[in-house]
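Novice: According to TrEMBL, the region 'Disordered' annotation covers 103-134. Under the heading transmembrane segment, TrEMBL lists 335-356, 377-403, 409-429, 458-477, 489-509, 543-566, 777-798, 829-852, 880-903.
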Amino acid sequence: MAVRPAAPWVRTRLRAAPLQALSLAVLVLVTAFLAGALPRAVEDAEAAGLRHALAEAGPADGAIEVLADTPAPHHPVPVREKAARPAALREVGAQIDALLPAPLAPAEERGSRGVQLSEPLPSEDPGLPRPDGLPPRFLVAAQDGLTDHARLVAGAWPRGEGVRSADRSAEAVVTRATAKAMRLKPGSVVHLPAVQGPDRAVKITGLVEPLAPRTTYWSHTDVLRAPGLLAAPSNSPFNTSYYWQAALLLAPDAGPFLYGLDPLPQAYWRISPDATGLTARDVPALQTGLASLEGGPLLSRLRSEVASGATVSTGLDGTVDAFAALSGAVSSVTAVALVGAGTVAGVVLLMAQALTATRRRPELTLLRARGASVAGIAGRLLAETAVVVLPAAAAGQALAWLLLPEARAWPSLAASAAVAALACLALPVRAAFAHRTPRVHEARGDLVLARPSRRRTVAELCLLVLAAGAVLALRGGGTEGAATGVGPLVAAAPVLVAVIAALVLVRLYPLPLRLALRPLARTRGALGFLAVARTGRGSPAQVLPLLAVLTALTTAAFGGAVLAGIDDARDRAALLATGADARVERSRAPLPDGFADRVAAVDGVRQTTAVHIDYSLSLPDGTTAALAVVEPDAYARLTRETGLGAFDAKVLRETPPGPAATKESGPVLSAVASPKTAELLGGGRHRWGGPLGNFTLQVTEVRATTPALPGQEFLVIDGAELPKALPTLVLASGSGLDPAALEKVTEAGGSHTELTLRTAERAAFTDSPLQSGAERLYLGAVAAGVAFAALAVLLGLLQSASERSALLARLRTMGLSARQGRRLLVLEALPQAVLAAAGCVLVGRAAVALMADGVNLELLALPLGYDAVTAQLRSDAWSLLLPAAGSVLLTVAVAAAQAWWTARRTAATELRAGDGR
């Protein structure tokens, strides 16, 4: 009969070391939470990015439009009229919806269907607006669900019952915006040319207001919601005439009336897909479905089963393709952060279990010597570890689910399960390998005298080769254009560099200890020598926190470099969009007198620069460039402050060498030009005439850009001798600008005056959830690196806490004061902490320099296709120095706190008979 043990192993071990069990639980909880949250965060960002991209596509490009001709005139009249009524349109719409694949399921409340003229018709009625003498044109439509999507604000709804194709008149409503622009009101009549016979009349019975004006129902064709000015065809761009185009909305049942205006009116179904449940996993199905619908099997089925001759058009395919390209490219960059965070977590977890194995080596050696089997020891260790790890991992996974509930389950579960498995198996496996052979005596560990084994050397060399290959692959191929993602080796390049550097420092760590022992032995006082000697004669396992801390801090520094590069690129792009902190420009006329002074009076404005801009200066080859007429001193100061093509004011003031100015030539001016314009004009003089008067200029300086005209071909000249060059642009510099006050001043500038703020342009670059999610992921990687570094420091100090407490107690019996005890523990902990901090700064800086050319940050920082600014990794002082200094301060604080706490206890508490510490 088996004898049940008096004290179960697991309970006994947990009671014997509750602090170690708690620290392991906290570590596993944090790691499992991050492992569960990161995949969910990535999926959430991708899903939000897809929905944002579809929403930004707009009602026109974000919808699928199916057009079909109504029955031709040779069909019977009842057949034609029936096809134009809502019941027939709904029946066909249901058939179209049934053909659509699942990702394209329609959002019924946002779509539309109806019948409309194939082309707008002109109306010669007097009283209608004619800007350039051209008659307005009207699109007449009978759209289903009018009363459900609009609110009647005046008059009455139009009648549609009993309307026939032969009727000479019908009733319609217009939107309030249409009524205002077209001078219509309830009771107005609009006459339109008929297919045969006299004009047909459309009586306006009421005015409506759209309930959701930005939906497909109203905005797929903008003219349904509000009229617009269109340019008439012209052979000359300088002689363009405009006419109004508006819409008349018949009752849904009045569709047959359109046959009197158009022999073949168009039936349409505008389908707005429901994007609420779409995720990035639906992108392939969306691409396949849209391609099939526009020119594949689905289009064939649509024409054969629903409407022959139907055509399908949509801008969704371009939107989805652009998102797929951006998502693949961004994912290849974020993979670096994911692999880095995961590796750091794994290193710290393995370090914690390795320290536990080292702490319990005497206990396990004794068990092995007394006959315990390797399997039995490993099983007991697995059981006691699983009791702590599994609940902590489950709690971390549950927390990730609570914070991010809308992602798939299995990636998150798999990541958390991997964390739990690693935490459970690390200690038993290490103990099993370490105690394969029973030992009677364990030699004392000595870090200075220890020599790495050959197996360790081979393993480190293999890791070095992997790191070198990863860095070369990243620099050669990079993350740019990796639509299908990068390989795990390339994604692991930064963290591999950190691990290799940490291993090198671990190997070099004993060298400074040896060098420091001799001079310290000759100094007065024993504290310094004792601290360094204890550090050097400690167990080789004591350097494991150094490995973990350096890896974590280097990964955090790399993430900080990514975030710094993103910020720099966005700041530069925002500056290129405005040229200063604020830009106020009037497009069709000069700004009022004294306008620059009113801008300068706004709170936060430090200086203003007034500029005259002429965007249509003709060049000798027939192209145009923009001309900026400036005040040299203020403008040159602005170029130096912004760094946009800086030059000295005397460049514009000095007259270029050559003949003096004449009445015909006008003033001869020096000019600063963009490279292409300077190449075209050469070094000679060129004369211009126009509204500013005659003037001659010669290019004397070339700059890539300029604040008034960033991103354009330009010429900049002095305006002192051009009195007709009145300001059309004011550039303002300062900090803490008051947007409301600037907006008020802008409104006083007259019509066509626009305000552009650098802060608003900067904020616009964070609109994409996909890019902002990737940025948050890197921010999380930085935070995780710092947190794991702190955990590694605490775990390393906690592992040897009891030994240091016993040492202080022994030394106190020999006369060591409390102050000297604090100094001893701090000095003992400093070598590792200082080496880790210095290594973090050096390795972090080197990792950024090595991989700057291989990581494409434009995809994270800027909109897809924006190439005016390049984004590169930049070493950030805060992410390099602050975590490193924090790890040193944390080490000092913990050592000092332990010394203070030990000093409060009696020596008898720490020293017990038979205590082997």
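Glycine is treated like the rest: Cβ placed from N, Cα and C.
Just so you know, TrEMBL annotations never went through curation; they're auto-generated.
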Novice: Taking contact to mean 3 or more CB pairs closer than 8 A (sequence separation of 6 or more), are the transmembrane segment (880-903) and the transmembrane segment (543-566) in contact?
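Specialist: These two stretches do touch.
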Novice: So which of 335-356, 377-403, 543-566 is most in touch with the transmembrane segment (489-509), counting Cβ pairs under 8 Å?
Specialist: 543-566
Novice: When you look at the transmembrane segment (335-356) alongside the transmembrane segment (543-566), do they share 3+ Cβ pairs under 8 Å, ignoring any pair fewer than 6 residues apart in sequence?
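Specialist: Yes, these stretches are in contact.
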Novice: Would you confirm whether the transmembrane segment (409-429) and the transmembrane segment (829-852) meet the contact rule of 3 or more C-beta pairs below 8 angstroms, pairs 6 or more apart in sequence?
Specialist: no
Novice: By a Cβ-Cβ criterion of under 8 Å, what residues six or more beyond either terminus of the transmembrane segment (335-356) are in contact with it?
Specialist: 20, 23-24, 27-28, 31, 34-35, 38, 42, 385, 419, 422-423, 426-427, 430, 479, 485-486, 488, 491-495, 499, 541, 544-545, 547-548, 551-552, 555, 558-559, 562, 774, 777-778, 780-781, 784-785, 788, 791-792, 795-796, 799, 855
Novice: Near the transmembrane segment (777-798), which same-chain residues lie under 8 Å Cβ to Cβ, leaving out any that are not at least 6 residues past its ends?
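Specialist: Contacts of the transmembrane segment (777-798) (Cβ under 8 Å, skipping residues fewer than 6 from its ends): 19-20, 23, 26-27, 30, 34, 38, 41-42, 45, 334, 337-338, 340-341, 344-345, 348, 351-352, 355, 542, 544-545, 548-549, 552-557, 559-560, 562-563, 566, 829, 832-833, 860, 879, 883, 886-887, 890-891, 894-895, 898.
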Novice: Where DSSP helix means H, G or I and strand means E or B, what are the helix, strand and coil counts for the region 'Disordered' (103-134)?
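Specialist: Result for the region 'Disordered' (103-134), in helix, strand, coil order: 2 helix, 8 strand, 22 coil.
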